[in-house]
Ligand code: PMP
């Protein structure tokens, strides 16, 4: 606390990012990064873009990237908004589309950035409880609201919401923006993008950090009808007219075009996830059904915090949230098969002690 702080700063509860270790050799399964590395074409594109042109400002509208994303999803370029990671796209969405007189609804077990942004932008919210099996129940959203924000699949649970249910939410709340945070959608959930042309109140947010292995590049995007995208652009242009640097625009464009690389990594990851679930179940873990590149699991007798600490001692990082309802769980990102094997062997060692 300082007397020099603005009144809002003392109220903030900033998001605490997962550990990015400096010690080499740790198995890093704590921040849902992709273990397979980005498309080689994205790396080549960075090489080609890294020249004297860096003295020039980048394209403020990221037109080539937006056109490439639009083409990939069967939309027009003005139905695409890009930003510095989907975190920034979410931040702009809070200001541009999710803040109204009636509250914003989102699940009580979801991405911790939602409450952080709500405080920062002074958005009134209702955190809607997930049920005792951590599912989002549509009936609970049947209440007056200004907007709804749903991660699909949900994080940190990994549970997906079927497209028909998303469509019901969108149709039953025609006056509210329904934003679907699809950070992890490529690992098995159903994307709401095909609904965009039909529904003027649907915004879909995705990222290149997960299925395209570019968390370090910081590129995310939103898809929706023109009037929604225009609101995001107005906020962006009032904040920072150059959201993405030259290298990020070039690499992201190349990554989106490399469908083959995306598909191969995605398949490998889903197969590793399913194998890891089976291994953990034999070690007496309950694993929530995951459609993401991570799983959320609790052991029948060992507390989450103790397991996380014991794994760290053995060189394996996983995520634990010291929060009501979910403190028994570990969130484990899916690594390579070798990394998953190291995790399982560390767990066997811990559980045998
Ligand atoms: N949404 C959810 C649900 C997430 O878990 C994350 C990753 N932490 C993000 C959005 C943001 O991802 P990024 O900013 O890397 O695009």
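Cβ atoms are placed via backbone N, Cα and C, with glycine included.
No curator has checked TrEMBL annotations; they are predicted automatically.
The domain 'Aminotransferase class I/classII large' feature in TrEMBL is assigned to 26-347. In the predicted model, the domain 'Aminotransferase class I/classII large' (26-347) shows an average pLDDT of 97.
The Cβ of residue 210 (N6-(pyridoxal phosphate)lysine) lies under 8 Å from the Cβ of 32, 33, 34, 183, 184, 186, 187, 293, each of these being in the same chain and 6 or more residues away along the sequence. The N6-(pyridoxal phosphate)lysine annotation in TrEMBL covers 210.
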